[in-house]
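J.: Handing you this structure, nothing more for now.
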Amino acid sequence: MTTLSHPLPIKFPINSPTSTHSTTFKSLILCKKRNNDTAFEEHKSGFVDYDKGQHEVSTRVSGLRKAHIPKRYRLRVEGDRFQKDWTISDVVDRVLEVNHWENVDPVLNRWVGRFARKNFPFLIKELTQRGAIEHGIKVFEWMKKQKNYCARTDIYNMMIRLHARHKRTDQARGLFFEMQKWRCKPDVDTYNALIHAHGQVGQWRWAMNIMEDMLSAAIPPSRSTYNNLINACGSSGNWREALKVCKKMTENGVGPDLVTHNIVLSAYKSGAQYSKALSYFELMKGTHIRPDTTTLNIVINCLVKLGQYGKAMDIFNSMRDERADSRPDIVTFTSIIHLYSVCGQIENCKAVFSAMLAEAEAVEVLRQMEQEGIKPNIVSICTLLAACGRCRQKVNIDAVLSAAELRCIKLNTVAYNSAIGSYMNVGEFEKAIALYKSMRKRKVLADSVTYTVLISGSYKLSRYSEALGFLDDMVGLKIPLTKEVYSSLICVYSKQGQVAEAESMFNMMKVSGCCPDVVAYTAMLHAYNSAENWAKASAIFLEMEENGIQPDSIACCALLRAFNKGGQPSKVLVLAKYMREKAIPLNDAVFFEMVSACSILQDWKTTIDLIKLMEPWFPLVSIGLLNQLLNLLGKSGKIESMMKLFYKIIASGVPVSFNTYSILLKNLLAAENWRKYIEVLQWMEDSGIQPSKGMFVDIVSFSQKRCGVEYADKIKEKVGKLKLFLP
């Protein structure tokens, strides 16, 4: 663009004034190019509201204005009062004020700066920086219709990065092919953005293929390329592939930087290789690489996963030191909130945490964040709400919601889901429903997680009709049902005795393409168990195995109970053998069903084998189950086996109750073993358990009715030596 330095041409004579030749003149027009470099400089703009205690700092870009556009366009807009000489930042503000489903062309067509094509890249840049994808797409489409538009690689790169941020991989690939139709050659930034787009959605194989295409196009990969590729592999849990790319990176002469090390640490964390991540961190320190806040956040997260809470707190405290280079950020404080919430559930946590109320400490961390000058965000609130739910602190859930409102933090869907789930965990059904209604009133969109929490929570609190009501809401909003919702609904129907509806829901689950998992199959097993239909329960168990779903202890226990109720105790023992072969853990409920089956079958050999199998679990199983075993042996007349089992129970350290002694005495008396009966009475007194008066009455009555005079006197003599004397 050129401008005239003078309004009129200046004429210079060719010959000197003293020359006798005719004098001729040549007009020279001096043009000076206007310097527009300052038009695109970024300027900081601040806003402070002292009344509300809010402040905001933004970057503003002016761009080419009315004075910079060609004169033909300037004359065209000068007399039009609808044409506005806005800056680029003003245009972006006005575009974002328009709803994303509305047309933005009327706003853009009033902007004078549209006649300067140099404004277009900066317009797209500011829109992409703000993350407004719907508005960005509309502005980009409007831009391509302008006569002065010229396709540029950097514009396409910014649009691909914007789609990558919103995980729209297909649209990003579409832009990649579109830019080549517009004769824009992809550069290293283009490929980096595309690799990052696939990495965001876990498509690490696609990212690898794009890397190959990049090499085929003779574009050398940069450090950012390798970092994006490592991140694509690591974020999907393929930490081994991430390490291979890292090795290839160093072999090609591209040295890793701190970002690379952080991505490798994150890959270990995503792959649940927490110990390896800590070992890698030690190697980093050995090579004198100074970690930043991101590095330490990952390390804290790994330490929490490994239960090393003391070390995690040491790193956190070192970050808060005034001389520390890496200051804690929002992620650090959120991790510490999670740490305290986890400690609230662990009984044998370290002594330093034993006296702490986890949720109260988490609230204290929230205050510390504000003291550090870090403004809590919605992620902090969500984590804090989850912590309250885990610790069953219903009062503090209200406090956290109030704190969010005071800090003008607008709750999103995730926050509402956390709060509703926390209320359900503490049994506050009414408050959870009130929060759900508030969510709908404020037009916050409920998702599948919301209804999953509501339906499963209603089922756990025995609110079956409400759970079915939420199903109607979910169907009305056309929200697809999740596996958890299907499983909860099957349980609801089975609890109400509606087996046909439970079967219908299970079949609907399979038709919808939502493959049933072990929870759904277990729910159906419980439904058939409630209906005492062992045949269908057995069939659904076989279907579960055919589909490659490994049953767990709960599913097997449901089928065992169905067999016992259906009078099929032999099948119980067959299934128990199958569980041992498949290494499915045996629990208290499974042992109970096995003992019941042995009792029905009167199979004493299997009962003895079962006792041998259960012996290592004696400290873990309930005393009620052990009492049942003792009673089973006693009723069968196996007094010696019963006493041996009792000795083993005592040796395992299981606390013996009054009922245990009562079972022993009852069966000893039935076997007319009065000597052992009196001995057991003495054991009771020695252990501090006072025998009942009825126990003495029973032995005295036995001596008078079933024994001779000689034995009756001996029994009375031995009973008289006990602390409780008969009147």
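Along the chain as shown, residues are numbered 1 onward.
Cβ from N, Cα, C; glycine included.
Pulled these from TrEMBL:
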REPEAT    152-186  repeat 'PPR'
REPEAT    187-221  repeat 'PPR'
REPEAT    222-256  repeat 'PPR'
REPEAT    257-291  repeat 'PPR'
REPEAT    292-326  repeat 'PPR'
REPEAT    412-446  repeat 'PPR'
REPEAT    447-481  repeat 'PPR'
REPEAT    482-516  repeat 'PPR'
REPEAT    517-551  repeat 'PPR'
REPEAT    657-691  repeat 'PPR'
J.: Any residues 6+ beyond the ends of the repeat 'PPR' (517-551) with a Cβ under 8 Å from its own?
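T.: Beyond its ends, the repeat 'PPR' (517-551) has Cβ neighbours at 483-484, 486-488, 490-491, 493-495, 497, 499, 502-503, 506, 509, 558-559, 561-563, 565-566, 568, 571, 582, 584.
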J.: Summarise the model confidence on the repeat 'PPR' (152-186) as a single mean pLDDT, whole number.
T.: 91
J.: Work out, from DSSP, the number of helix, strand and coil residues along the repeat 'PPR' (482-516).
T.: 26 helix, 0 strand, 9 coil
